[in-house]
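According to Swiss-Prot, the protein has these features:
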| type | residues | note |
| --- | --- | --- |
| ACT_SITE | Cys225 | active site |
| ACT_SITE | His304 | active site |
| ACT_SITE | His388 | active site |
| ACT_SITE | His392 | active site |
| ACT_SITE | His421 | active site |
| ACT_SITE | Asn425 | active site |
| DOMAIN | 81-370 | domain 'FAE' |
| TRANSMEM | 25-45 | transmembrane segment |
| TRANSMEM | 64-84 | transmembrane segment |
Amino acid sequence: MPQAPMPEFSSSVKLKYVKLGYQYLVNHFLSFLLIPIMAIVAVELLRMGPEEILNVWNSLQFDLVQVLCSSFFVIFISTVYFMSKPRTIYLVDYSCYKPPVTCRVPFATFMEHSRLILKDKPKSVEFQMRILERSGLGEETCLPPAIHYIPPTPTMDAARSEAQMVIFEAMDDLFKKTGLKPKDVDILIVNCSLFSPTPSLSAMVINKYKLRSNIKSFNLSGMGCSAGLISVDLARDLLQVHPNSNAIIVSTEIITPNYYQGNERAMLLPNCLFRMGAAAIHMSNRRSDRWRAKYKLSHLVRTHRGADDKSFYCVYEQEDKEGHVGINLSKDLMAIAGEALKANITTIGPLVLPASEQLLFLTSLIGRKIFNPKWKPYIPDFKLAFEHFCIHAGGRAVIDELQKNLQLSGEHVEASRMTLHRFGNTSSSSLWYELSYIESKGRMRRGDRVWQIAFGSGFKCNSAVWKCNRTIKTPKDGPWSDCIDRYPVFIPEVVKL
């Protein structure tokens, strides 16, 4: 199914998104204003010396009213500053689920199952083969046990078993890494788009680990592949108002109940791309975690295009003519993703780009709007703002188009391509497999900036910016531990099956 290419980033940027980005800066204007003033005063006091300061003090004449007014003013300004200053949000550590080898689905196995399940639909089998050949996936991606049966057995029990397997293993590893005890978890957020049982997945986690009765728990569903960053945004907001707290985020997609067994081509695409995976993330606002945390959250920008009908329906769960439920992916998906991306990065640009890049971009944008629409648009160099890029591994076409539009090198998108090859599209958890890849390659240094970009149904585009808090040693375990030496690998345009 041919898809419209993603439009060039700066061909139709709207000024309202630029304005939105600068509104973020204005909201923190007081902090930006007071910090240099305080620094100048401190430097001047250090320059004067104690005797000169004492002489100045003695030369001043104060009365009680002046002292009270001055004290009140200082206290008022200090209070306003510290109340308006947001808490620092840390990413202490995270863990990614590593599927067992028994769940692997080589191309030959996938196609054999497709031929048996769709034995009366040879054209649908051929279509899946063409998609798989060009998907960018490798031979080691995994599907849950229920999908290995012929025919598949997508029962509620099987779906719960998959959820328990991926979520509990990721959380067990996270607790082991961080030393965090279940009783110390204050906030729990679980996001899974297509599987929403009763009791919820968050309740399942609470029951398993016997978490506190006053825990603040949330279960997000139906929010697509970008739900992981929505969970980060929710955790950030909660940590801003609840001091000295620990938050756990679980991002996953349960494949078992969502494996499409019908014949509609647009609904067969997810079968070829989506694979099992999960990630558990520990976030905190405790000052005691500042020394051991891996990252600090700098910015998070969310863009929702749901008001537009095409955007709303481009990723849509529905029944086909035979009653089989599946996800319909529109041929306009790439174009819609491009529009969401433009809005998102135009908003985040003023927050992260150097002043020189902002000036060039704004000059180009205003010139095109006022003087000549045919002027060649200036594409900001986001490589000056970030050292690492984690682009949602939704498919080969998504990565190709973002690399082209953002003018990124092969190394910048390496983590995304290799994650797609090794694990497939693991939905909302893919960003964390990509971050783990960068760490496993030993590339993460203190001060490095990471840009995570995710797309999701609705249609949404979300961005998170992290700053590395300390140089990260190459991990000895994790999802890449047994294969990182083989990567990066060459991925041909077409793999003949």
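Heads up, residue numbers simply count up from 1 along the chain you see.
Keep in mind that glycine also has a Cβ here, set from the backbone N, Cα and C atoms.
Locations of recorded Swiss-Prot features on the structure.
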| residue | record | contacts (Cβ under 8 Å, 6+ apart) |
| --- | --- | --- |
| Cys225 | active site | Ser193, Glu253, His392, Gly394, Asn425, Ser427, Ser428, Ser430, Ala454, Phe455, Gly456, Ser457 |
| His304 | active site | Gly458, Phe459, Lys460 |
| His388 | active site | His412, Ala415, Ile438, Arg443, Met444, Asp448, Arg449, Val450, Trp451 |
| His421 | active site | Gly136, Leu137, Gly138, Val489, Ile491 |
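Look at His388 (active site): DSSP puts it in a strand. When secondary structure is read from DSSP and collapsed to three states, His304 (active site) falls in the strand class. The predicted model assigns the domain 'FAE' (81-370) a mean pLDDT of 92. Comparing the active-site residues His392, Asn425 by how many other C-beta atoms lie within 10 angstroms of each C-beta, the top residue is His392.
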